[in-house]
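Peer 1: Before we start, here is the structure in question, set down as structure tokens.
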Amino acid sequence: MLIRHAPDLTENDVTPKDVYIRRREIMAAGIGFGLGLAGTATQAAQVTGKLSAKRTFWTNETPTDLEAVTGYNNFYEFGTDKLEPVKYASALTTRPWTVKLDGDCAKPQTVDIDTLLKGALEERIYRLRCVEGWSMVIPWIGIPLAEVIKRAEPLSKAKYVAFETALRPKEMRGVSDRILQWPYVEGLRMDEAMNPLALLAVGLYGDLLPNQNGAPIRLVVPWKYGFKSIKSIVRISFTTREPPTSWNRYAPREYGFYSNVNPQVDHPRWSQASERRIGEFKRRPTLMFNGYADNVAQLYAGMDLKKYY
Ligand SMILES: Nc1nc2c(c(=O)[nH]1)N[C@H]1C(S)=C(S)[C@@H](COP(=O)(O)O)O[C@H]1N2
Ligand SMILES: [Mo]
């Protein structure tokens, strides 16, 4: 577990220029993912310019090649093939964009994405591990989910947080396929959502999120499988009951509500014991809670994680 909390860094420690230069270095050092997407990725990475963020959770792991992060995606609203989102997600209009906070809370409200962007952004390197067995290391920029939740002042009876992706049939060519029930939905238990690792990402590699990665705002829950990290969020609701989740609806025996990265509990079709880091050839062992056990294991103390998979 190489994550390091760096609360003593100030915003000035990471200037937009540093972020920009580092990204160029990463790109220059990139070993090439062989997708022929260099042009697209470069464009995507230069959407608006540079976000300023202070580094908080950091690791010394090498970030995954930017081309892979922005060219190999799961975003079923734009097609089930991992090469489709980069081609079709540009159709999504990401401004203006609001996020509705509602349900069991004292201050339901609708927040404009740019208001959130003006908040204190943090840059963190997190692994993202897909249940299918591949993983990436990504420098995300975002806002702690807990801060956004606090704006709405959830009531004590609110035990869960439900998330919903935009549903725009005219912009999302994939939703004509009924493979999933739309809109895509996800959920966390309130204490999971309040954990400092849970991030609402608005950028990666120092820039705004490319659409295929979930612009303008997506969840990143680094100790859970990638599919929990719902993209292009328009609604966050507080509920007393466990909310439905898209993949659980699709195949309840394969995808549970919790979906914690757990090398000891296999998916019925894929081993979870090891993973292939995109850009590497040798598989590496998967770590409990994706390596974040120190931060999150206490959330599941006493729970049978085979039952609550
Ligand atoms: N709305 C929505 N969010 C989604 C998905 C999706 O299909 N639709 N796919 C999930 C899956 S399976 C993964 S692995 C991650 C991939 O995120 P990335 O493309 O940024 O790597 O997004 C998750 N969030
Ligand atoms: Mo995934």
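In case you wondered, yes, glycine gets a Cβ from its N, Cα and C as well.
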Peer 1: Can you find which of Thr165, Thr286 TrEMBL lists as binding Mo-molybdopterin at the same site as Asn73, Tyr76, Glu77, Cys130, Asn213, Arg218, Ser229, Ile230, Lys231?
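Peer 2: Of Thr165, Thr286, Thr165 joins Asn73, Tyr76, Glu77, Cys130, Asn213, Arg218, Ser229, Ile230, Lys231 in the Mo-molybdopterin site that TrEMBL records.
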Peer 1: Identify which of the following binding-site residues, namely Asn73, Thr165, Arg218, place a Cβ less than 6 Å away from any atom of ligand 1, and list them by sequence position.
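Peer 2: Going through Asn73, Thr165, Arg218 in sequence order, those close to ligand 1 turn out to be Asn73, Thr165.
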Peer 1: Pop the mean pLDDT for the domain 'Oxidoreductase molybdopterin-binding' (94-247) in here, whole number is fine.
Peer 2: 97
Peer 1: Quick one: give me the count of other CB atoms within 10 A of the CB of Glu77 (Mo-molybdopterin binding site).
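Peer 2: Other Cβ atoms found within 10 Å: 26.
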Peer 1: How many Å separate the two farthest-apart Cα atoms among the Mo-molybdopterin-binding residues Asn73, Tyr76, Glu77, Cys130, Thr165, Asn213, Arg218, Ser229, Ile230, Lys231?
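Peer 2: Largest pairwise Cα separation, rounded: 19 Å.
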